[in-house]
2 protein chains.
Amino acid sequence: MNIRRLSTRQPDFNSQLDRLLAFEATQDHQLDATVAAILADVRTRGDVALLEYTRRFDRMEVHDSAALELPPAVLLAAFEGLPAAQRAALEQAAQRVTAYHQKQLQVSWSYTETDGTLLGQQITPLDRVGLYVPGGKAAYPSSVLMNALPAKVAGVGELIMVVPTPDGVRNALVLAAAHLAGVDRVFTIGGAQAIAALAYGTATVPRVDKIVGPGNAYVAAAKRRVFGVVGIDMVAGPSEILVICDGQTDPDWIAMDLFSQAEHDELAQAILLTPDVAFATAVAQSADRLLAQMPRCEIIRTALENRGALIDVADLDEACVISNRIAPEHLELSVADPQQWLPKIKHAGAIFLGCYTSESLGDYCAGPNHVLPTSGTARFSSPLGVYDFQKRSSLIQVSAQGAGMLGEIAEVLALGEGLHAHAQSARFRMGS
Amino acid sequence: MNIRRLSTRQPDFNSQLDRLLAFEATQDHQLDATVAAILADVRTRGDVALLEYTRRFDRMEVHDSAALELPPAVLLAAFEGLPAAQRAALEQAAQRVTAYHQKQLQVSWSYTETDGTLLGQQITPLDRVGLYVPGGKAAYPSSVLMNALPAKVAGVGELIMVVPTPDGVRNALVLAAAHLAGVDRVFTIGGAQAIAALAYGTATVPRVDKIVGPGNAYVAAAKRRVFGVVGIDMVAGPSEILVICDGQTDPDWIAMDLFSQAEHDELAQAILLTPDVAFATAVAQSADRLLAQMPRCEIIRTALENRGALIDVADLDEACVISNRIAPEHLELSVADPQQWLPKIKHAGAIFLGCYTSESLGDYCAGPNHVLPTSGTARFSSPLGVYDFQKRSSLIQVSAQGAGMLGEIAEVLALGEGLHAHAQSARFRMGS
């Protein structure tokens, strides 16, 4: 395997790094037009259109919209049919993810000023959330837990899952995870038509307030288009890992951590930063040796050769600077005393500290969410969390005395902006 | 003035309410194409393109990109040149807005499990934020404070303001507010070209991580297009107020509250819900009488006649149900004992409790933010706040013992998903 070697000592390092990181989702105008037509059609014709698209795209012989819903007994049966080890692992993961996310729960707050004026925020859960789950090979039960459990912890009233079942094939692990996570209703629909049904509602599928979950290019384009009608989570790019290693971790471990990102798909990005040149060479040798054992070796090879890199850095300080420039989705600090480097890390979706913390532990069961900002968006966004399923309303209760004091300020500023009704509205309350 | 009267007792009330609320931002494909071209041009040609567009659209004779920046002394002079009353009002408003937003500051947290595994979130401010401020008549100093101060409270490293100055005309109040709010740099650019400069950076304008602030249709379209390259705040629709009144507030006060929303622009929406039919009539009479005193009476009349309504409801419980359906930007609960109704209010950007709390006090100086979700998006989004300028990184530090326990779970789930590198990566750490 031929993984790119770079060094910050190279004079053109910055431009090489830019090229390595360059990724821009191409906007496909034809796809976008197709999606727009599907959205408009489902919005207008509701269930009739939804059934048509499901017959066409998923080759399902459905003619009755009620048949699109999976009854709870089907989910329960999927859960009870799991091998004991899988069932136990799912349950333990769900318990840990729930416990972690409970720490994120925000509560209403207020304070009262000396003149009796009360200020604060009322924090409430969303009423109804839609969870998109892809069909086929990219359907991950862990993703069902990671998207559904924060919504449940937030207290979302109703959680609606959509999952396409092309040719009628269902994924038992996904349905079992839906049961475990407390999903309220499941519809076997997918693609842009499922996003339309969730955003606008049909006679069968209730309208939701926010849509979360991963999907293909059609789903992503549909989510972008309904943004504003409903809330959406991020539209994710290819997955990435950046490993900073001081050279003291087993090179096999680091090579496998790079693989675990690369095996997701050919566009995934895995990069190592190390001040130890010999260690980088050892990791490359480990990768060569370990690759053959991997069932997804061709995906791993393609990802690492096209988008991977082993980068020599001057020291760990420089590694932190480069990491902040990349703002990686996953960052492993596989170094001695990793906590000391935390204050230097400004942008990362999740930080995995110390040599025992493989990214895969975080993907499944450590507790934190595995839905993370990609493509450098950790500069301004956060992991999916309970806070994505709560919203705030400002609270303002002005006392009679407060209305006098605040009214004088508001009147001056309103007149300065030429808004006389604002000024008069404040003035009416001033003499009271 | 002819404000629409509705009643929930009318058999077609629901469809009438739907028509009243219907507002969809039209997508203008020509405008969108123009914006796309400007973004691409500034991204490619940088300052040269930025200067060209500024000469063309703002009729500014600028040929040196350094001339696009206003030195701090200009902001200071604007502030010091204010009349004493305006200066004091701005200072008091800024102090109150800052004090309120400090309550929103989130801090990093973590906890350690019995086996030594640490989990948490590191919370950090954004590095650099861009604040768009419109030029001309729609430029509000209060908006500068409301957008800039939460960023400063969050600890944002650098705050870059852009404000077009068509024909060289500057708004002294806006510049004074920028000084007061601690804006770090100000560029006299606007439109899609300013959004492009902030999102991609030019030799003169530094690239930011997030762009906030209101703007016209070109600015809104540009913000939508750069979303993902940078973070953006919401894209706001027309402003709205919903007043729920038990009939005990002075009808002049309520009429003026409706005016204060309607005077923003012809598309603004102002609605009253009351169980007291005679009170609704009294408010209509007050509106007729008070209208003539308003400098912006034609805007107020158009907004109220086209998009306003006085709605008779059976009781205050029904008013809350309708309010939740509307999910208003501003909600006045002008009723006795307003706190008792709070648990029934699920969706609203800001809630103004009691007869002394006019919306205008919240717009300027009560403390909470006046940037609020519009068009029913309060179902899933929140007021602008300090949390919009902070981001989170998950923290995971697994102990040697924890790696054994978590590895077993991760291995089972990874194999269930067919991800063998994930499983192996966990397994490597298990025997340690």
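Positions of Cβ are set from backbone N, Cα and C atoms, glycine also.
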Identity of the substrate-site residue among B:His179, B:His330 (reference: B:Ser239, B:Gln261, B:His264, B:Asp363, B:Glu417, B:His422, source: TrEMBL) | B:His330
Could you tell me the C-alpha distance between B:His264 (substrate binding site) and B:Glu329 (active site, proton acceptor) in angstrom, no decimals?
-> 14
Around the Cβ of B:Ser239 (substrate binding site), other Cβ atoms within 10 Å, all chains included, total 24
Using all protein chains in view, find how many other C-beta atoms are within 10 Å of the C-beta of B:His422 (substrate binding site).
-> 29
Mind giving me a neighbour count for B:Gln193 (NAD(+) binding site)? Other Cβ atoms within 10 Å of its Cβ, every protein chain shown.
-> 29
What subset of the recorded positions B:Tyr132, B:Gln193, B:Asn216, B:Glu329, B:His330 lies within 10 angstroms of B:Gln261 (substrate binding site), using C-alpha positions?
-> B:His330
Using C-alpha positions only, work out which of the binding-site residues B:Tyr132, B:Gln193, B:Asn216, B:Asp363, B:Glu417 is nearest to B:Glu329 (active site, proton acceptor).
-> B:Asp363
Near-site residues: NAD(+), ref B:Tyr132, B:Gln193, B:Asn216, CB cutoff 8 A to centroid = B:Pro134, B:Val162, B:Pro164, B:Gly190, B:Gly191, B:Ala192, B:Ala194, B:Ile195, B:Gly215, B:Tyr218, B:Val219, B:Ala222
